[in-house]
């Protein structure tokens, strides 16, 4: 058996050592202590009092260092030199020790720890261990009634319990890498070590072993109907529980006295073998453990940490042990769930201090689930490593004043838990302990003697010195710089960026397919498919109106299917969805009007513009022109994304208003005059054989055409429908011909109902109803459920609401054009070179639209693991543009709104999360399968016409509205699990717009509001709103032809903002431009270098693991330079004590 044995370092538990620690001397250095002591030197009776009943130790004192070296009166000058050496160190010994322990970052992460605390319960002459609390991330307690678990909550610990825990680890038995596989063997080894160190009398071996091997009763689900005997037994157990309130003291005393009398003989007769035979713990997990549903909350490959605390009457001093097994082992029924145990903490103490023992147990249990301390516990080499871990934990502790907070209030788990990476990587005192939400705090403000030195009354004075630190607005930590990936580095080689994109994406190509085989992909396919066909039909119809059906719905369907599937198959970022966009539609309309007004053939002219634009895109790819995207900051992203979102919202509402115009409501309807309302078809005044639509049928079930009729006089005009009447030249006569109130109102119900239901189902994921998987399923398929619901409602009412029109035959919309556009023959020769100029405008539009969307998709907060491919994406957009121009299909570019929706539908979260912990955002399921299937389904949708024609158009308008609103909120992405360091620089446009309507006291606690004046934030937002208004006006007027140039102008406007705002302000509300980043980085490097030189010349910080409380008033010329340190210290200890 290989055991790393640790000496206790301190003898038996008595209080004489404690009294010797405070020698009577008038002028002495500050005393190094481990428990809070009175600040005033005149109250020496308190210094000699009984503090905890546990052994007190010196903080900052190593076991191999004599006590007199720091506190003895005869230490002399060497003591002062030693103190100055400690003070001059800018990092604490605990920090250096932890850096040595956790220095290797390339090691595999340690398993997640499930911690369970059991308390010893007495019931007459019987004893058992009862589960009282458990931890994965947050604490869950067994409620007083014992029937249920409490809600997960943040553990609130008393500072005293942490100090006593530190003492326990210093004085108790610590066994690291113990090679034992069962609980009896572990207990034997622990007891043997205690006897060997003189911490336990040999005659108590069997008694301690008997107690530790009692049965463990876990909090399991009990039946609703229980017998009266069971209820009475539980009540009596509750009354006699040693962990209850002080009012239960007498019954506890009687039970323990009775237990002593009944079992004293048994304890004396037990031998080693008998103690093993009296083991009540099963060696293998029982059925209840295996069927425990709580296992779903525990991550895979987790290990357990068991905490056993209790009081017994035969011990005079506490029995303390901390054990780490060399290999985790199943200890049978010790743990609630079948998880192997790696750590064991035992605390048995004399009777009368059950509450103190429970608090110590809660303290060690909370520490074991702390990310940093758990790593220390796994890698600790000796006792001092564990104590250093506690010291670091205390560095981060925040104390709540007892008069301002009720400790009985359970703190709800935060929605976002700060990462422990910063604590693991940074142990410098200058970057520790950001209190009360201060971000990037600098050093503490110069405090007085009371504030910095802690000479004030109770802890509050100590906190004032460090809390009033200098804001990071002056010289403190700035938000993360605008990171530019290697994809946007200018190579200087011909097609250099494209070649690098291909090299980066080629290794990921196979995984792009098998990563898509997941049930989440099904919901994403259905969602994006409905959005794509809605977009194709809507923009196809608008293109047909704008180009006299040279491009219609059929061309839109086929072009979307062909361009989208090829792009998803070969592009650099397959999560981007290609579609027709509003800017492209505007340009197409202007181009058709120009061609028609100048007698040019529209399709041929468009072909040459498309070819020139494709060549220009390839030139941009060859010269690595995409590197200018690094100048696209959040200012440009927010402006462009907001504009596209507004276009979606505007078009959806405009379509709905159009339904009210086409199916108007009779506002003057009077029920009393209902008999006067009628509408009939009247024959035209002059009837001849000239028909308006010769192929139209006479009636819905009549196939005969009007060519078979000799004249129209034989028609019964009153039997014709509205459409037929108008087609044949008839007139509608009556006062109710224009009013169809049911269709307009029903269309609005379908429109708003689809939007509202989709939004509600999306939010249902964060509700408290139903299990997590059910809520996730409902949220993923919210669009599908909403469409099916309101299609069913429409079918039930049977109203003739406008339905989706899908062509059922694959042929061009105009019969006078084919599927190939000839490049020559219809326009003058000068048109071919002259088309370069409009092609340049198209190229600017394509480049900006494509690359801004790519920047939004490739944001760092989306946590994409596979490389982006800006050059490769633009290459394929150019190729597809030339192909679509030859076939007479619409041009396609990245659709911002649908791409954001695609990202949102493929987000991944942790499958298991600790109770009370929000699911962590893991990233996006990066693959090509969903996009390819979506566009294939779009192409074959022409064969699904019988099904798709049942979908009402108002339902699709509701989907459009949801996509616009969701993308408007999607601009604020980064709230779902991204690191706090990223959150500091996120300044959503919409959130800043809301600040105009909020009083300062009600404004959210955004990080940028702490560092940038509100008037500067408002000015920045007004500039964005002005740019957005200019873009909207240009889009809606005849000046829309320069719309692409104005999008490029957003980058110029952002460049000019450098002359209005400081780089500090822009770093918090936007991003710093690349050349400015370099200057800021150089300045920061110089500042750090200067600060480092200053630290070498003058000490800045004391070690945080040493508490210095001067026992005499601080004089104007203090010894050892303590006064200077008190004014400069910014250690987190000044906040805590």
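Backbone N, Cα and C atoms are what each Cβ position is placed from, and that goes for glycine too.
Residues 438-478 are the range that Swiss-Prot records as region 'Disordered', among 397-437, 438-478, 479-519. With respect to the membrane, residue 352 and residue 553 are recorded by Swiss-Prot on different sides. Range 743-762 is the one annotated as transmembrane segment, of 703-722, 723-742, 743-762 (source: Swiss-Prot). Residues 512-513, 515-517, 521, 524-525, 528-529, 532-533, 536, 554, 557-558, 560-565, 567-569, 574-575, 577, 804, 806-810, 902, 906 of the same chain lie 6+ residues outside the transmembrane segment (929-948) yet bring a C-beta within less than 8 angstroms of a C-beta in it. Regional average pLDDT for the topological domain 'Extracellular' (629-742) in the model is 66.
Distant neighbours of the topological domain 'Extracellular' (949-953): 655, 747, 750, 787, 790-791, 794-795, 801-806; these residues of the same chain sit at least 6 beyond its ends, with a Cβ under 8 Å from one of its Cβ atoms. Of the two recorded stretches, the transmembrane segment (556-587) does not lie close to the transmembrane segment (1017-1034), with fewer than three CB pairs under 8 Å once pairs fewer than 6 apart in sequence are set aside. Of the two recorded stretches, the transmembrane segment (867-883) does not lie close to the transmembrane segment (774-795), with fewer than three CB pairs under 8 Å once pairs fewer than 6 apart in sequence are set aside. Contact between the transmembrane segment (829-847) and the transmembrane segment (743-762) does not hold: fewer than three of their C-beta pairs are under 8 Å, each pair 6 or more apart in sequence. Outside the transmembrane segment (607-628), and at least 6 residues removed from its termini, the chain residues within Cβ reach (under 8 Å) are 488-498, 591, 821, 823, 831-832, 835-836, 838-840, 842-843, 846-847, 851, 870-871, 874-875, 877-879, 881-882, 884-886, 888, 891, 1051. Sequence-remote contacts of a segment are chain residues at least 6 beyond its ends whose Cβ falls under 8 Å from one of its Cβ atoms, and for the transmembrane segment (774-795) they are 520, 523-524, 526-527, 530, 746, 749-750, 753-754, 757-758, 761-767, 801, 905, 950-952, 955, 958-959, 962.
The list of residues near the transmembrane segment (743-762) in space but at least 6 beyond its ends in sequence, with Cβ under 8 angstroms from a Cβ of it, reads 652, 656, 659-660, 663-665, 778-779, 782-783, 785-787, 789-790, 793-794, 797, 799-802, 952-955, 957-959, 961-962, 965-966.
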